[in-house]
Amino acid sequence: KASSAVSQFSVFLGIIFFLELTAGVLAFVFKDWIKDQLYFFINNNIRAYRDDIDLQNLIDFTQEYWQCCGAFGADDWNLNIYFNCTDSNASRERCGVPFSCCTKDPAEDVINTQCGYDARQKPEVDQQMVIYTKGCVPQFEKWLQDNLTIVAGIFIGIALLQVRHPFLLQMTAKPQERT
């Protein structure tokens, strides 16, 4: 019975390993599609930025961590009703960006939550002094390229553990069957 359970567990781990391998190959083959989906996801979340506090916190964290603004740039914030630059927008945040797009001044301890007001009305040279002008999708791609060795190492390490574990179980189960 023990060897049957070990065999079933080994088959289960083998299936999971195969699915992970398939997902990795598909991610590589369809990387442009994944990039488009990420862009679509970020833009949809930009539209709902002020409507959902959890989503707002996620976007703020992402933009601060990756030092980016919008999916491909600060102008993506035109998709949001509070930040768009249309004449009909009476919001104080009109033509601005959230504070999470703002570059940080190390001398300041308190975050200026109004730092992004009117930021997109300034010339691009001036914008770069106040806000991050790179989008989050390119920043994420850059991070992946810079850390590809680490990411690949983690996945290979997990794969080796998954492949090794069933063999160890088989080896420990066999001596018990003989007794």
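Cβ coordinates come from backbone N, Cα and C, glycine included.
According to TrEMBL, the transmembrane segment annotation covers 6-30. Under the heading disulfide bond, TrEMBL lists Cys68-Cys101, Cys69-Cys85.
Overlay of TrEMBL feature records on the structure.
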residue	record	Cβ within 10 Å
Cys68	disulfide bond	26
Cys69	disulfide bond	29
Cys85	disulfide bond	14
Cys101	disulfide bond	28
If one measures from the C-alpha of Cys69 (disulfide bond) to the C-alpha of Cys101 (disulfide bond), what distance in angstrom results, rounded to a whole number?
5
Where Cys101 (disulfide bond) falls in three-state DSSP terms:
helix
Cα-Cα distance linking Cys68 (disulfide bond) and Cys85 (disulfide bond), given in Å to the nearest integer:
20
